[in-house]
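Student: Copying in the features that Swiss-Prot gives for the protein in this structure:
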BINDING   66, 95, 124, 159, 179, 180, 181, 220, 221, 222, 223, 259, 286  substrate binding site
BINDING   263, 327  Zn(2+) binding site
BINDING   407, 410, 415  [4Fe-4S] cluster binding site
REGION    426-480  region 'Disordered'
COMPBIAS  470-480  compositional bias 'Acidic residues'
């Protein structure tokens, strides 16, 4: 029985109980949100290492990290190291977007070791097995999807909304079709002269998903790839189809979230979130950024985190991170770290802006430690403690500076907080308590787990590092 079926039957599952604990809400509320399709708990029945989490606009904003290999870099150990990094730095879910060798082995290793939900895009494996997009058959697609479901994948991006009738709508674009899945299916449609097989076989996919409790992540294959293409007829025609498919999946008791753009001018972000919520009857919105400018390759974790903050404030339930390597190359471990930092900031800022219960407690606790010159507490409370400590110690490395009432930015003479404290102690201004006993007690905070330190809610100790004994890369595997 799927989480949605159980919820509709009035049953609070173990997964719902765990989610309620992590979010600080009543399990009955979780059940109702899942029953109504307003939230999803991606939890394949075969993912034994999973710690359940929830995605929905009434819950803390979540962050996904994309990992995966390519033909140029196909290394199982490296992918597990990326998984370890993603989990350590706060990814709520990960997507394995591998397109190189050893797809089965990498996917299986990720599911085996990941405490967070694992997503995939099955059309990638279908292309690898067929050698060319036009050679993909309906049977091959269903076979790949069922195999990945059996492996324990929690959610899959299914680009079923790319219809034959939509393709002419992309003709006037500046950047055409920028989704890998969308472009693959567009080529299939053009060369075979038939409707998208993921659309025509959608109900069969629903049956597979219902058996293994896989969540749909309905892909936006026609998402805009630049500001000029945002909000065009192609994007919104596909969105209308995604609304139709959402309701079809719900009839099968299958959970659904809907993917969104992309590249969107800042002033259109909230409008696009609101339109998705209306068209898709409140199904959780999962957005890639969006990037709010196209001029900063190398810094697109920043251009997109700006849009992601606005999307989260407007109601997007999960933000798909973008790394500094976006548009330039395959991310490495350090890029995963930087992308997650940008997106954890975006998600937290959105939760604070939306008045999510307890979300600002973390900010208050760090501010109190800062005013008290409690450097060690500041580092411990930081979103990335290692980075905060590293930057401080570059100029003031000695332990004695951990007790100092200044840092190297202002020095002793010009530290504003030191001057303020001295003025309050010597004059008529009321003093501000800076003792540890008077600070915000985070252990009593009502905030969801993702809005309290440490950022990585799982330590990742069970995820093998690069030196672990893993299967060797194999030339000529079935996935080549």
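Backbone N, Cα and C define each Cβ position, glycine as well.
Quick caveat, the model's predicted, so the values are computed rather than measured.
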Student: Pick the one among the binding-site residues 181, 221 whose Cβ has the fewest other Cβ atoms within 10 Å in this structure.
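Tutor: Each of the binding-site residues 181, 221 was scored; lowest Cβ tally within 10 Å is 181.
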Student: Using an 8 Å cut-off from the Cβ centroid of 407, 410, 415, can you name the remaining same-chain residues around the [4Fe-4S] cluster site, in sequence order?
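Tutor: So the additional residues around the site are 406, 408, 409, 411, 412, 414, 416, 417, 418.
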Student: Say you check the Cα of residue 410 ([4Fe-4S] cluster binding site) against those of the binding-site residues 181, 263, 286; which is nearest?
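Tutor: Result: the closest of the binding-site residues to residue 410 ([4Fe-4S] cluster binding site) is 263.
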Student: Would you give the longest CA-CA distance, in whole angstrom, between residues of 66, 95, 124, 159, 179, 180, 181, 220, 221, 222, 223, 259, 286, the set recorded as binding substrate?
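Tutor: Among the residues the record ties to substrate, max Cα distance equals 20 Å.
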Student: State the count of C-beta atoms found within 10 angstroms of the C-beta of residue 327 (Zn(2+) binding site), not counting that atom itself.
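Tutor: For residue 327 (Zn(2+) binding site), the 10 Å Cβ neighbour count is 14.
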Student: Take the C-alpha atoms of residue 179 (substrate binding site) and residue 263 (Zn(2+) binding site) and report the distance between them in angstrom, rounded.
Tutor: 12
Student: Within 10 Å of residue 223 (substrate binding site), Cα to Cα, which of the binding-site residues 263, 327, 407, 415 are there?
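Tutor: Neighbours among binding-site residues, in sequence order: 263.
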Student: List every residue in the same chain as residue 407 ([4Fe-4S] cluster binding site), at least 6 positions away in sequence, whose Cβ is under 8 Å from its Cβ.
Tutor: 392, 395, 396, 415
Student: Are there any residues in the same chain, six or more apart in sequence, whose C-beta is under 8 angstroms from the C-beta of residue 124 (substrate binding site), and if so which?
Tutor: 97, 98, 99, 103, 180, 181
Student: Between the binding-site residues 410, 415, whose Cβ has more other Cβ atoms within 10 Å than any of the rest?
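Tutor: By the 10 Å Cβ neighbour count, 415 comes out on top.
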Student: Quick check: in three-state DSSP terms, what is residue 286 (substrate binding site)?
Tutor: strand
Student: Express the distance between the Cα positions of residue 327 (Zn(2+) binding site) and residue 221 (substrate binding site) as a whole number of Å.
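Tutor: Cα-Cα, rounded: 17 Å.
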